[in-house]
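Grabbed the feature section from Swiss-Prot, which reads as follows:
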| type | residues | note |
| --- | --- | --- |
| BINDING | GLU298, ASN300 | Mg(2+) 2 binding site |
| BINDING | GLU298, ASN300 | Mn(2+) 2 binding site |
| BINDING | ARG707, ARG746, LEU748, GLU752, GLY777, VAL778, HIS779, SER780, GLN820, GLU831 | ATP 2 binding site |
| BINDING | GLN820, GLU831 | Mn(2+) 3 binding site |
| BINDING | GLU831, ASN833 | Mg(2+) 4 binding site |
| BINDING | GLU831, ASN833 | Mn(2+) 4 binding site |
| DOMAIN | 929-1067 | domain 'MGS-like' |
| REGION | 1-401 | region 'Carboxyphosphate synthetic domain' |
| REGION | 402-546 | region 'Oligomerization domain' |
| REGION | 547-928 | region 'Carbamoyl phosphate synthetic domain' |
| REGION | 929-1067 | region 'Allosteric domain' |
Amino acid sequence: MPKRPDIQKILVIGSGPIVIGQAAEFDYAGTQACLALKEEGYEVILVNSNPATIMTDPTTADRVYIEPLEPEFVERIIRQERPDALLATLGGQTGLNLAFELDKRGVLRDCGVELLGTKLSAIVQAEDREQFRNLMFELGHGVPESEIVHTLESAWGFAERIGYPIIIRPAYTLGGTGGGIAHDRESFEQIVESGLKASPVTQVLLEKSIAGMKEVEFEVMRDSSDQAIIVCAMENFDPVGVHTGDSIVFAPTQTLSDRDYQMLRSVSLDIIRALGIEGGCNIQFALDPDSFTYYVIEVNPRVSRSSALASKATGYPIAKLAAKVAVGYKLSELKNPVTETSYASFEPALDYVVAKIPRFAFDKFESADRRLGTQMKATGEVMAIGRNLEEALLKAVRSLELGMEELHLPQLSALDTEQLEHGLIHPTDERLFIVYEALRRGYSVETLHQLTKIDRFYLQKLNRIWQAEQQLIKEPLTSERLLEVKRLGFSDVAIARMLSMDTEAVRTKRKEWNIRPVYKMVDTCAAEFASETPYFYGTYEVENEAVKTDRESILVLGSGPIRIGQGVEFDYATVHSIDTIRDAGYEAIIINNNPETVSTDFSISDRLYFEPLTTEDVLEVIENENPLGVIVQFGGQTAINLAASLEANGVKILGTTLEDIDRAEDRKAFEATLSAERLAQPPGKTATNVEEAVACANELGYPVLVRPSYVLGGRAMEIVYEQSELERYMRHAVIASKDRPVLIDRYLTGIEIEVDAICDGTDVYIPGIMEHIERAGVHSGDSIAVYPPQRLSEELKQKVVDYTIKLAKAFRIKGLLNIQFVYADDLYVIEVNPRASRTVPFISKVTGLPVARIATQTILGTSLKELGLGTGIHPESDSISVKVPVFSFAKLKEVDPSLGPEMKSTGEVMATDRTLEKALYKGLVAAGMNIALKGNVLMTIADHDKDEAIALAKRFDRLGFRLMATSGTADCLEAEQMRVRRVGKIQEDGETMLSVIERGDVDLIINTTSRDALVTKDGFLIRRTAAEQGTLCLTSLDTVEALLQVIESLSFQTVSIPAFTTFGVMV
């Protein structure tokens, strides 16, 4: 059946901001789907709130709305656009929940909008825990013994009957939000309550724990004619009990017998048919390793994180084909775009092993609870491909950018036996490395299996790596031995450490013995059909399938896994750069290792290498391809950090030179450049030890801002107010050395200003100036950015332009630069980044300028004048746009939600309107804030903020909010004639701050941080409780000011009429 002719216009719902559990995989899926529908001649309307996506570029759909993904906004777009159909299954859980809500409100029926692909009844059957369980019973498929409850009271009976542990799974949530495994009565009560709050239908499934069984996932596709195939079967390294997003995953399945596989394949096809899903679907199983007993854990009736992994692992573009299936195509009518000869109805076959390892943010959040369970905590992931499991695994490990390229984590050597075994039994993000440490200490595979429940097969593979390491150390190095360990995935850096050699000596020896990788093609069919796909992975075999073409090429380095501080914004810039290189007639090559992103879609570049971003792996690709040069500007700090080693090996870095990159990143060279240009900067110094740091701070005067050099996302950055804090920071937060000095600046409070600019070496063009609502001291990535700026005079804006032009020329920028200023009576330069920044997508969207594209054109030699730009600033927009950060604190237990100089947000949203208040309202709503127009405001304010907070409290009071405060703050408010409900401090008897938050009596918390130890502890507990209860908690008074502006703009003023006057005489 060809595409449906009765549909002309389709609305596609995106997934919104990046949060833990829903990341860049939906940008990849949504972009694929929109382009596929446009390819078929449909008019495509897109709504999404995330500006940092290729999906929201004006070229992806016919019309793009960057608006909050809330029913009232999407309803308005539907009534305005009148689409014939809605495609919601590519927008993750957000898209499904929106479709469900729009249907419930009658919007789809009233406007005659058909839901494409998977029908609502199937979504409800898969997402509603009770209906799903009943369907599995009907089909005769096992589900763990379970019960659905809507209240805590009704949950106790199940707990008493079954006993602990119990798994709690909320309905209609993302990444296991609100769920977990309860091991006792106390944790059961806490998780059930949080699960009921997290579920939009107040429903949780209580399930007898099957933790310890094998976890297997099947990615399935089906069309309207009931053709169904398995795209990919994947197996988790970790047994059931760890969320699949936090688990290491291998494809194809490694330990299933043919009988196991065929059984689960049949069950998967049975389930997708019973649900009537048209498109992609992910099914998760628990399999008893000692019998043929299986349980169906859950079904995701949509494109998911696993779909993106399966697409990249197999080369089969699930989202693209799912979109075409949704408009009526059969799988047997669709050509597989990889082979261009076989059809989409052929199940992919793999002749390699794929390993996925999650990337966590615990390097930024050392206080976080690192234990893994059913609630996802990873911010991103890496994927690697090898000819064997060991090679794929070790390539994935070095893709994580953890500062190591092997399984030996040195700090684990300090664990005693009890600590080690605790780490084996209770999984954390370091589980893989802890298992390897146990093998190093002589634990047997069988003992480790009993402690971890990890399949013996995987433990044997890890043991093989350990044995190979031992042989390498103990026996003379021969070409045969070196080839053996290279085939197992050992890197030159790891081999050099094991042999106490220099890395370059290992590389030289390898070349001498002609031990070089070749590149194999990912073709979906294990070479059964001819394939032209330019999608490669490196391995140590004989035949090279990545034969260099005659065309001149340019290599772009990607940004690796998504983490806090380096998100999807960098992939956005990378994709634009690749497009520009292709349009200029060059062959565009990319190296990246993130399966979630658009840049690793094989159709984006001319040649894609799915490889680790290390010096060794990048140099090998360069030797295979011999490009004209390498662009490092768009890959964040990952790519910038490779520039020096690449140039040392004779590689040409295109754009800003390495020397100039270093001048911007090296403190002394940076200060010298600013002094030469007579540009002001906050007074600052560098220190390499505690004594130097104390002397520097005394000279500068407290408070000071301290941070390590060469970091992204403000990692380990703090504002310190006294010597004892500084000494603690120097001893515990950083490892300072002559090579890695600590930067110490006078801390200036003022308006923070941010600029992205493009320079061709002669001219400097500024797309726009952004101001931050939060004053300097809150990381720019966690601040609300406003464009065009609302508080800057024309004179100050001109000064920003003049400074930007001077800086771009002084640092000899070729391409992009990002500058951060602070205005505090004068304009100070905080930092200059000679690369793409996280604001590039936002400034591109609000100005209509494709910033990364223009920057790439200048890198390739086109002048700004030739592009019709020259020197100056782009005309300001009439409308006002805001970029609002989005946080994932509910998923990261023990992380303090207070804002400061270290970045904590995982994503962002954008909103545009005619006034700042309207734009802010939309932005705050899109970021998930519940804006109350009445209710209770709890204020706990540090002494140094009290004067400013009182003025804000008066405005809340005038708006009719009820104020709540502890004694110190309450005294201040009452002294200003405000009514206050007093609540006790945490340690006091009676009604306390925590009890009113836990009871749901508070609509907004304003909590500013104090340096008093007891107050600090109380503040942390308040902020954490607020995060877990879903109560809005603001820690910056600037954000409170912005919120008040919004509430005041939404509130009607009630004013009594004045008395009559007659000719100036009162009547």
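Cβ from N, Cα, C; glycine included.
Values in this document were obtained by computation on a predicted structure and should not be read as measured data.
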Using the alpha carbons only, what distance in Å do you get between GLU298 (Mg(2+) 2 binding site) and HIS779 (ATP 2 binding site) once rounded?
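Rounded to the nearest whole number, the Cα-Cα distance is 39 Å.
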Compare the Cα of ASN300 (Mg(2+) 2 binding site) against each of the binding-site residues ARG707, LEU748, HIS779, GLN820 and report the nearest.
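Sorting the binding-site residues by distance from ASN300 (Mg(2+) 2 binding site), the top entry is HIS779.
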Starting from the Cα of GLU831 (Mn(2+) 3 binding site), work out which of the binding-site residues (ARG707, LEU748, GLY777, HIS779, GLN820) are within 10 Å.
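Among ARG707, LEU748, GLY777, HIS779, GLN820, the ones whose Cα sits within 10 Å of that of GLU831 (Mn(2+) 3 binding site) are GLN820.
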Which value in Å gives the longest Cα to Cα span across the ATP 2 site residues ARG707, ARG746, LEU748, GLU752, GLY777, VAL778, HIS779, SER780, GLN820, GLU831 as recorded?
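Largest pairwise Cα separation, rounded: 18 Å.
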Could you put numbers on the helix, strand and coil content of the domain 'MGS-like' (929-1067), residue by residue per DSSP?
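Secondary-structure breakdown of the domain 'MGS-like' (929-1067): 62 helix, 25 strand, 52 coil.
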Around GLY777 (ATP 2 binding site), how many other CB atoms lie within 10 A of its CB?
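Looking across every protein chain shown, the total is 20.
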For GLU831 (Mn(2+) 3 binding site), which DSSP three-state class applies?
strand
Taking just the CA atoms, what is the gap between GLN820 (ATP 2 binding site) and ASN833 (Mg(2+) 4 binding site) in Å?
9
Find the one among the binding-site residues ARG707, LEU748, GLY777 whose C-alpha lies closest to that of ASN833 (Mg(2+) 4 binding site).
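Nearest candidate: ARG707.
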Residue counts in helix (H, G, I), strand (E, B) and coil for the region 'Oligomerization domain' (402-546), per DSSP?
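Residue counts in helix, strand and coil order: 78 helix, 11 strand, 56 coil.
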Going by DSSP, give the three-state secondary structure for GLU298 (Mg(2+) 2 binding site).
strand
Determine the minimum-neighbour residue: among GLU298, LEU748, listed as binding-site residues, which Cβ has the fewest other Cβ atoms within 10 angstroms?
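Minimum Cβ neighbour count within 10 Å, taken over the binding-site residues GLU298, LEU748, occurs at GLU298.
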Quick check: in three-state DSSP terms, what is GLY777 (ATP 2 binding site)?
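In the DSSP reduction, GLY777 (ATP 2 binding site) maps to coil.
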Note down the number of other Cβ atoms within 10 Å of the Cβ of ASN300 (Mg(2+) 2 binding site), including every protein chain shown.
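Around ASN300 (Mg(2+) 2 binding site), other Cβ atoms within 10 Å: 23.
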